[in-house]
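Visitor: Positions annotated as domain 'Ion transport' by TrEMBL: 82-314. Residues or ranges marked as domain 'Polycystin cation channel PKD1/PKD2' by TrEMBL: 779-901. Summarising the annotation, TrEMBL assigns transmembrane segment to 113-131, 151-168, 180-201, 221-243, 250-268, 283-305, 438-457, 704-723, 768-789, 809-835, 847-867, 873-899 (among others).
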Amino acid sequence: QEIIDWFQEVKANHTLVSDANTALHINVATYNGELNLLCITALQIKFQPGGYVDTRSKMTSMPLDPYGNDPSGGLMDLITGMFFLTTVGMDYRKIARHRKQKKAVVWTKWRTVTWMSLASVLTFYVFWIILSVLVTQAQLKNEIIAMENPAFDFEHNTALAIVYFIDIMDRMKTMGTIMIILRLSAMAAMCLLMFRILGSLRFHPGLNVVMATLTKSLRSLAPFFFVFVVCLSAFVMSGCLLFGDSTKAFSTIGMSYVTVVNMLFGQFNPDMVLDVNYYTAVVWYWSAMVVLSLVLFNMLLAIVIESFQKVHNSSDKRTAPYMAAISELLRVEGLWLWPWSRRDMIRLGRAVHADELRDVSAAAIAKHLALSDDQARLVLAKVRAFKRVRQLEHHISSNQEFVFMTITCNLDCVVIEMGTAELTIDDVRLAYASRGDFVMIFLSPLFNMFFFLVFAACALDHTPIQAMFPSENGLANIVAKAGTDAVTTVTTTKFSNMATHHDVFPWLTNTFVPYTFVTTDYNGRNLSTPDLRRVNYVHRILGAVEFKTYSAPPRPCDVVDGPLGAMYAQCHDFDSPVLNSAFYIDAGADPETATAVISAKQASGAWLDASTANLHINLATFNGELNLLCLISLRVTFQPGGFLQPIYQTKCMPSDPYGTSYLAAPLDACVLVLWITTIWMELREWCRDHRRRTGQPPKPRFCTLWRAVTWLSVVSVAVYFAIWTALCMAVYSPTFAADLTALETGASSSQPQLLLVDIMTRLKAMGYLTLSVRIAGMVSLGLLMFRTLSSLRFHPHLNMVTATLTASLHSLVPFCCIFVICLTAFVTSGCLLFGERLLQFSTISRSIITVVNMLFGQFDLAAIFAVDYNIAFTWYWCAMVILFLVLFNMLLAIVLAAFDHVRTVTATKIAPYMAAITELRRLAGPMLWPWNHPHMMQLGSFAESANTGLSTAVTSASIAKQLCVTDVDADIVLRKTRAFLAIMHILRDSNLNDDDVDGEDFVGEGEVAPTSVDVSELNQRLDMMEARLEAKLAAMSVNMAALIARIDAKL
């Protein structure tokens, strides 16, 4: 009772909850003697400026006596410490041995995993010790005992009790934070120890498949991950633009990222975005699932499958000798495979280690160890089998991939160094003229990515989601209250629970009116004048609340003859409703006056009758805390079958777009500069292409798919800012401002209704413009995303996604035709079977959306089972087998085939590209720019001034003579020019080949693609192949010589 009285007191005084409060925190500390646990429960209530209330709860428990509850805890810690020290010692000994042997690779990725696991275990125990010290401190227990002492007088020692309680709560909060860190460090330690266990299984060919596949996939996953993040960011930001104001899952960028990633894993409810804007949500959801799930996830699967096949093929070659060695050791030793438990083996090992036995043969072993010949041969066979097993295990577990990559890289460098292909003056001139193209190719991805990010920031700034979400939801939760169908003595009818005409009036009088026309606070005291006309304290109603009813005009019934026609003489045309009545209730009216108006309408019986088709209630508000204009529309649709469908929609728009954000104008200016730069770059490229093809047969190389994407993105950004300009003109319109002023001051009292109608019309138009701005922003982000991907085509690895996408499009056209035919059959049949009972199948359009969402795993199976169980599971099974198991797997096969084709084509470019990049990085530095050296510029100027078409060979000697430099400097200049020219050939070839999207690159089996041969490029490639062959032969000679030397040394 004392607590209740205290709550009544703070409620009356407004000291606990008031208009200025932003949060209310309630912390409860408890002790569970049964389990010996300290618990703290934190309840948080956040009052956001839009009127939205966000509630959260959190509970943390920690043991009061960590080692007293479970006696085995100390033993487990001791065992863990022993394993920890043993692991440190073993790994340190390996590092010391490797350094002593002067091995090139000492610190490997698996050693990194080992030491990271040790660090995570050490972190866990550091915080565990801190927690144990805090729990066992005497001060905490003394304070708890003092407060529990019956002799402690709280009334006379209130200050001391508060000090004790604050100290206890602070300590428990600290311990709760440490408990969270403990759990996170334990999770990291478990994962790292798991990888360490898997890494220790690399000695076995079969057990090594998983880890080898993972490590081999990582090199391909790096560019894939970059492309995936670009595509994911586009859908995340567009989702935040479209649904962030109404759905909490998209209210921030961080939550939007989490929601979209969970959507790819099937943890997503499409209804929460379909309720915001149905068809826009469908387009966004389907696009995200097709691009991110069907294309990119299938490409990830292709990468893993390719890596697994390579690992499996190489594993098969090592499995046979390994199993043969294991079988031999099993035959001579037994099941334990450990020959060193025998006394004879130990004696042999000691004799060899002490250098007492030099001739390791059966006769020498028998003589030295006093064994029979059979026993000596058996001992020798065990030694040979054990040595063979250890050699194969070391060969399998060693980092062979790193050695192979190093040898390959060295061979490629040798290819460039030993290349005998000479350059001509035209080649040098071409390299000198390609400087700008080289810079543009490498800077284009950065420019496009910057354009994408700046536009995304601009769109999110123009649509302040973090302010719109609490405002829209705070208004909707009050005006359009939702709840369950449970009925109690204090239950009022909720907007979403209305089912008949009769339910509308209890909802209006008992729910809508009391929460909209508020004149008193929660204590029943009258509000001050500035607080009147407000919903939930922050939403100021503009003018009045608008009520409109639309009636269906009468029409003759379809059945006019017979007894049925006599039963139903008159029908109504619900498809063509007309405005029947409109009235307004002033925002300053009290609840009694508003209720009397509604009751009068109910008493008349003519406001809502059998011919009523729609009831529209519009409420315009202004939120001064967030500077937002909001319009909430409540619509009740009375369908001819008696079904009542309540729908509400809330739209908010900034009342001063450039006054509340200091970044709006700079971002707009930055986007404008980038937009103009993009147009200038495209026109410049078009002029160059036109000049290059003057006098040649016309070839539509300029009008390609990716260039079309670029121009569509330019147009979409222009459309976005055109709509945004129209919205700003409507917001800053002097007429709109004058109408609001007149409505507030009552200056136009002669025609207040017309003034309110004009304001409502303007706000509705502004709401549609706001929605159009979001849709245009979504389209622009998608096109800018594809434009960013198109600029990555110069790189063989980064080009995999775009090239696979374009290669898949040719086979997707017939697939889409078949898919649409099959989809139409199940859509129509679903509409026929379940459309009479279920809303999601009630129309063909809804049925299409439902069936497609079903393929993505978003479907309420129990709903169709409730209609007819046997028919439902037959239809569902047939649809999933044909559409999902067959057609979706066919789509997977198409993507895999396209990826395999792209990978095959890319493999021919990677080796020379990486070789040239390595050579240029070694000669010119990490910036890959050789033209900052004066000798390179002198050579380029000389080649540019020479006669065109001159085929004079450029050698080191000619460069040294022309530039007056040493032979070494001339050779470096020649190699830089050759590497730069090779890189430019590959970059141009990648861009041009990917621009051909007419299907010529995707050659089917048994087909021959038409090719155009460049003689100079072909000669250069032949020379490079010749040089590579010579390098490999030289390397083989060196390896053979080393092998012969080793054999001689052993003999």
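Even glycines carry a Cβ here, placed using N, Cα and C.
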Visitor: Going by DSSP assignments with H, G and I as helix and E and B as strand, what are the residue counts for the domain 'Polycystin cation channel PKD1/PKD2' (779-901)?
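Guide: In the domain 'Polycystin cation channel PKD1/PKD2' (779-901), the DSSP-based counts are 102 helix, 0 strand, 21 coil.
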Visitor: For the transmembrane segment (438-457), I need the partner stretch with the highest count of C-beta pairs below 8 angstroms, choosing only from 113-131, 221-243, 250-268, 283-305, 704-723.
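Guide: Out of the listed stretches, 221-243 contacts the transmembrane segment (438-457) most.
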Visitor: If you count every Cβ pair below 8 Å, which range out of 151-168, 180-201, 250-268, 704-723 shares the most with the transmembrane segment (113-131)?
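Guide: Most Cβ pairs under 8 Å with the transmembrane segment (113-131) come from 180-201.
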Visitor: Take the transmembrane segment (221-243) and find every residue of the same chain, 6 or more past its ends, with a Cβ under 8 Å from one of its Cβ atoms.
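Guide: Contacts with the transmembrane segment (221-243): 249-253, 256-257, 259-261, 272-273, 276-277, 280-281, 284, 287-288, 291-292, 296, 299-300, 303, 449, 452, 456, 459-460, 463, 465, 774-775, 777-778, 781-782, 784-785, 788-789, 792, 795, 797-798, 800-801.
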